[in-house]
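What follows is one structure encoded as structure tokens, with my remarks underneath.
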Amino acid sequence: MSNESKCPFSGHNSKPQVTVGGGTANLHWWPNQLRVDLLNQHSERSNPLGKDFNYRQEFKKLDYYALKADIKNVLTDSQDWWPADWGNYTGLFIRLAWHAAGTYRMGDGRGGAGRGQQRFAPLNSWPDNASLDKARRLLWPVKQKYGQKISWADLFILAGNIALESSGFRTFGFGAGREDVWEPDNDVNWGDEKEWLAHRNSEALAGSNLAATEMGLIYVNPEGPQASGDPRSAAPFIRATFGNMAMDDEEIVALIAGGHTLGKTHGAASADHVQADPEGAPIEQMGFGWANSYGTGVGKDAITSGLEVIWSQTPTQWSNYFFENLFKYEWVQERSPAGAIQWVAADAEAIIPDPFDPSIKRKPTMLTTDLTLRFDPEFEKISRRFLNDPQAFANAFARAWFKLTHRDMGPKARYLGPEVPAEDLIWQDPLPAASATPSSASIADAKAKIVALGLSTGELVSLAWASASTFRGGDKRGGANGARIALSPQREWEVNKKAVETLTKIEELKASTQLSLADLIVLAGNVGVEQAAQAAGFNITVPFAPGRVDALQSQTDVESFQLLLGLADGFRNWKKQGVNTPAEVLLIDKAQQLTLTAPELTALIGGLRVLGTNWDGSQHGVFTQQVGVLSTDFFTNLLDMSNVWAPVDSTSEVFEGKDRKSGTVKFTATRNDLVFGSNSILRALAEVYAQADGKEKFVQDFVAAWTKVMNLDRFDLA
């Protein structure tokens, strides 16, 4: 066989091969290209279960306690390919659950355990997730047995709970309901660093949407900032990272100590022995990564973090030894066999059992960040209290662990299973119980009273949008249910100023109707949409699902809800002062949080503009002479080549559209508006509605997208 005729897959042909998805990508040429593709993630085309699959219904068929028993059996069924420390995978499964949940950040609500993302890159290959590929594979026989009745996302967290329970610990409870997705969440910004373990400063972390001090870590470097080995300097980094998950000092101490009461770290030898992570490993590794050439590569020779630390005398049984050892001994810095900085109790006896040889004992060891709980003054106070009151520690850890593993699930209405705690917790955004569903007659009566108020279409629609559009698909917070637009902090938001003026009039109707204020607000928006459609020549009824309730101020964590404001709401042409991110980028961010597709985004912007819903009443993007009519004027005028656009100043935030021949100013617009003419994908969608046959389709699509947003938080309708 000549060289020219050799098989192109044999490795002997040096010619580059043309492959699907290969070649130079668009983002190479245009690195600032708008990521409209983020709105089309997790489509039906990537989901093997089909659009009719209902996880909540499947879970109800599950023998929950049989599942728990099977997971518990896995804990002590040590496998030769990854032998269990002390014959028990308790520590490994706790770490699996912790690291699945620990990517959550309250700033934008993204990350967390709710979608089973640890199965995919980058999380499956983060340095801090080394060896968790083994934990997931240990659970595969259980997942295989129970199939779609239990998601991977739920299984990860439940395995952590069962590991704790098997150690003798009493957990606070467990709520299922996390639905798997089938591809990575590419909308999550993990940071701009281009190297693993690149360091971030604590000031930049505080209040940011980043959840770790270094790229590829879950929280902080266990060796201290930049591996400094300084416990005191680690304190602000610990507070910043845990604070971005809404954890206070007591929860931080409880979580660190509780997580380090069981199990161990692994650092038998230099990281030079460790090969590629799962995403970069050879195909024959079958999804495993971090192959280890040291000794057997597993068991006593395992290398994960490079640290070799065991905290407790009973590493598979719950105890208070973490705090007892922390305060009892004098700690001396040492290096692990892998060369990492850790600490050993210099004045202790060898009281720690070896994980594989019962004849060997070790001295207690700690991480640099463990010692922070002793040497930071505020953490030390809490730690001493837990030292002297083990039950208080256990209670605090149980609650903090539950919060850690459920924080991204949204309201308790989403929880499934027999172990859901009865207690309502403020971070769950609790709501009162719903009363009787209003009758059709009472809904019709309420609609008539709304019409009688004489409010404009824009006023009605703006109020409903302001109420519903706080929803975040990441952590399922916000939305119209609860009518929290009537409460602090939303009532005081600048962007809601005009909406609140309308709200005061809707509030006056509540006493004379059978509807909650939350329902009245949405119904008012529906009335506005119906009036606008009728004015455009289409008689439609906007679907309305009553049953919303009104939250109390005491059920609303003001600081936590303030985060739902975000940086911009391009649907209302609002952008927070001082924010430099281009408005169109923030519009995509907002649309993605609202779980909108690109066509839904396009329809909503076009409709909201012609209905006159800008937050400040401005005319930016209102490309029509018939404000309040659900027409396609936004699209036809945007794409009209008789108009020419130019920025009004050097900021390029606001633009004037002039008649190309006369120079007369016809319209003004923001970047949120013009992007539907400038971006090739959004322009293609805008053209659909600007066509002569696009009017009816536009009304139908707008109503469908509108109804979707109004019901985003109606988990009771699923």
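Just so it is clear, glycine is given a Cβ too, placed from its N, Cα and C backbone atoms.
According to Swiss-Prot, the protein carries these features:
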SITE      Arg95  site 'Transition state stabilizer'
ACT_SITE  His99  active site, proton acceptor
BINDING   His260  heme b binding site
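Structure with Swiss-Prot features highlighted.
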| residue | record | Cβ neighbours (10 Å) |
| --- | --- | --- |
| Arg95 | site 'Transition state stabilizer' | 25 |
| His99 | active site, proton acceptor | 22 |
| His260 | heme b binding site | 25 |
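In the three-state DSSP assignment, the secondary structure recorded for the residue listed as 'active site, proton acceptor' is helix. Of the recorded residues, the residue listed as 'heme b binding site' and the residue listed as 'active site, proton acceptor' place their C-alpha atoms 14 Å from one another.
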